[in-house]
Amino acid sequence: MKVAVYPGSFDPITNGHLDIISRASKVFDKVIVGVLINPEKKGMFSVDERVDLIKRVIKPFNNVSVQSFSGLLVNFMENNDSNVMIRGLRSVGDFEYELQTSLMNKKLNPNVETVFMMTSLEFSFLSSTAIKQVAVFGGCIKELVPDEIIDDVLRKAKEFN
């Protein structure tokens with residue numbers, strides 16, 4: 001069974017993230033969405049809230065699950081019998097960053113492979129940071145995040161502001 005891990009902060013999960021999850025679920029036997037616990041980074045949503053939001057939007061995918069993790073990604077992958085990491089790319093800038101991260105992970109565990117998936121064109125401008133800014137300032141996020149979580153993002157944006 002080929003298990004892939006799709007790591008990130010997902011604060012919040014976007015339609016771009018969901019697009020990568022959907023496409024990866026067709027390539028791999030199992031996809032684990034790994035939500036990074038980063039105590040140095042204050043997110044809009046707590047880690048538990050992010051896991052809950054993701055659980056709600058991945059229901060249609062039988063082979064996708066979500067877990068939070070802290071520490072090294074390669075250790076999380078090893079604990080989940082995975083040697084494949086999925087990363088979405090929107091731009092050349094993403095590639096530069098992801099290449100360095102991929103090489104470091106390869107150095108830490110030579111068995112880890114990174115699969116880069118190009119973001120679909122309609123989502124190439126999306127980022128969780130941009131969505132938070134739009135939501136905080138009262139803009140429309142309807143086509144930016146999954147419908148199931150729009151109300152959660154808008155409610156949290158009011159609190160965050």
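Positions of Cβ are set from backbone N, Cα and C atoms, glycine also.
Note that the coordinates shown come from a computational prediction; the quantities given were computed from them, not determined experimentally.
Taken straight from Swiss-Prot:
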type	residues	note
BINDING	S9, F10, H17, G88, L89, R90, E98, F123, S124, F125, L126, S127, S128, T129	ATP binding site
BINDING	S9, K41, L73, R87	substrate binding site
SITE	H17	site 'Transition state stabilizer'
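Positions of Swiss-Prot features highlighted on the structure.
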{"residue": "S9", "record": "ATP binding site", "contacts (Cβ under 8 Å, 6+ apart)": "V35, L36, N38, K41, G43, R50, S128"}
{"residue": "H17", "record": "ATP binding site", "contacts (Cβ under 8 Å, 6+ apart)": "Y6, G8, F10, G88"}
{"residue": "L73", "record": "substrate binding site", "contacts (Cβ under 8 Å, 6+ apart)": "V5, P7, G34, L36, M85, N105"}
{"residue": "R87", "record": "substrate binding site", "contacts (Cβ under 8 Å, 6+ apart)": "Y6, E98, T101, S102, T114, V115, F116, M117"}
{"residue": "L89", "record": "ATP binding site", "contacts (Cβ under 8 Å, 6+ apart)": "F95, E98, F116, M117, M118, T119"}
{"residue": "S124", "record": "ATP binding site", "contacts (Cβ under 8 Å, 6+ apart)": "G16, R90, S91"}
{"residue": "L126", "record": "ATP binding site", "contacts (Cβ under 8 Å, 6+ apart)": "T14, N15, G16, R90, T119, L144"}
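Residues S9, F10, H17, G88, L89, R90, E98, F123, S124, F125, L126, S127, S128, T129 are listed as the ATP binders, and the farthest two of them sit 18 Å apart at their Cα atoms. DSSP gives H17 (ATP binding site) a helix state. Secondary structure from DSSP puts S9 (ATP binding site) in coil. Following the DSSP three-state reduction, the secondary structure of S124 (ATP binding site) is coil.
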